């Protein structure tokens, strides 16, 4: 089964779910139907794993807009498979978890699962797309589906605000990403990602290289919640917990990181990229970790924790970006180890953070609150959830015998090794190492503190909104499976490292022998500096979490947050955009037409200037006599007159006369079909206009605005000049192959003796079909307007 068939299967399952929207009997089974999608996807990607491990890839290419190199092009290589397995397997756990979390009576289940599968479909599209424009389409689809999932409980104000904020920020980043892709196309002449990577040196030598880096980083940073674009992620926690566990910890927030991985071979050729990504990641890491200690809502704690961990991964991607400059030698081993660590920690983070979110969802579902100030002693009521969240928090903190310890130690190893890299010196190495250590200490602090406050101590049921909470086993099953993998990966890391992570690393550095530089993950590397840093984090972190009352000091600090800045700028944007809309949308049709024609004129003039004007060597003008001259003069005079006349009936009549003059031109040019069509349409249109006057209100005649009329005349003359110029340019050469021979065989190809009928009914049949649909829709609109009667009464309006 190809990738196209897989994505088509996901669409089919979504369509089936849509049919259950109106069937109450089947609505409660929506989750079980939705489970088919991640099961099919997981089986497919696991089936492809042995082949990809050997360096092969699956490729599907369907030509589309070949002139612009926009094709439906998919490629499943090691990196795509790594992310696809995360998306499908975590998706399987989340969809099953959602069947236990959501109410079958009160929640609109089919709608939720359609949104969730739409997001899964979009994410798989991002990671398998081999065309930049195709990737952008899926990129924005994730923003749309994320918006729909966050606002799923649309009656809540927090859901509405969080959805709008996340949509605004991520779509802004998506537009920046599109601009970056367009610049890449300008430089390389291709949208194929594999071809772009092959031309990395050409891009690096271009004067657009730095703008390309900035635009792609904007796309990645907004999607992966990097400072200062992180503010949307905590507000997105208003979504149902399955959404938070899937989108905002394991998948969507990793899309930006995937983008950085995919274009490392190109972007890593710039030291600007390495510095920018590394320091933005480290700032995000420490910012998220410190802010997590200030929260009381468990999902808010995990949201800032996710921001911090994403920053950690991004910083490793930045540090490892130098592999593009040094693909061989001793330096390549350091870069390769750091990139490997980034992939390793990304996988670990998806597991322990998904388990943590699911645990929080169980507690919220059963107790009615996520406020750690109201929770205590829950290990007696939720023993399985206690173990799951405890081990997951310890793994996140980098405690031995859990997978997080291995990737955290590799992170420290990468930080201290930067002193050997040409982009860094001893001072920078010390700075980034200190930032990493401090952020890691706070990671342990908020993780252990949350477990202590929620699960340890005396159980106080009276403070809980819901009474008699319990822990259904099937509810805990997905998070328990994720938790079991945490120590398993610690003891057999190379099973995952060699079979899943190494193929992904090969795809990041296409054409390089990364097997020689990829590290062998070991639980013991001796007593070295990374181990010492890990021990410092553990000791200091536990002391702060269990012995020091740091919480009161953390919440005494009052700072003007970036959220306040966002809200202020959002209000200003809303104010000025409202002013702009009111200026443009003034309910004057001629104003809209004027603006449209002006923009069209500028685009056409710019295109003609860029293309250059050919040498004029021939001008073909049709033969004309007195009738043509008189008709042309009539059209010209009536056109000028229409600019100044204000009587509606007179304007309609004069407009009809112009239409009849066009009919005369068609007759003189021996086009009877066109003349007949023009005559009928002009007559019907004129009659409809006159009849409609009886239903229109009496509007006082407006005074003639000389400036406005002058603009109309100038725009009209400008369009006339442009059209005539285009006709003359078209006469100067055959830049495009002629289509006359194509129409010469019209009778044989279509059976139509009339060339116009052959064009409309066969050669451009689809275009004609859609034109007919437009007419039908317009007719329905007119029918509705003519038959609309104002409904009276409050009950009818409701």
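Keep in mind that glycine also has a Cβ here, set from the backbone N, Cα and C atoms.
Just so it is clear, the model here is predicted, and its values are computed rather than measured.
Record features (Swiss-Prot):
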- 33-53: transmembrane segment (TRANSMEM)
- 109-129: transmembrane segment (TRANSMEM)
- 133-153: transmembrane segment (TRANSMEM)
- 209-229: transmembrane segment (TRANSMEM)
- 241-261: transmembrane segment (TRANSMEM)
- 300-320: transmembrane segment (TRANSMEM)
- 337-357: transmembrane segment (TRANSMEM)
- 381-401: transmembrane segment (TRANSMEM)
- 431-451: transmembrane segment (TRANSMEM)
- 472-492: transmembrane segment (TRANSMEM)
- 625-645: transmembrane segment (TRANSMEM)
- 649-669: transmembrane segment (TRANSMEM)
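Contacts between the transmembrane segment (472-492) and the transmembrane segment (133-153): absent, as fewer than 3 C-beta pairs lie under 8 angstroms at sequence separation of six or more. The stretch from 133-153, 337-357, 649-669 that makes the most Cβ contacts under 8 Å with the transmembrane segment (300-320) is 337-357. Listed by sequence, the residues of this chain that lie at least six past the ends of the transmembrane segment (209-229) yet keep a Cβ under 8 A from its Cβ atoms are 139, 142, 169-170, 172-174, 176-177, 179-180, 183-184, 187, 203, 252-257, 259-260, 263, 267, 270, 272-273, 276-277, 280-281, 283-284, 287, 306-307, 310-311, 314, 562.
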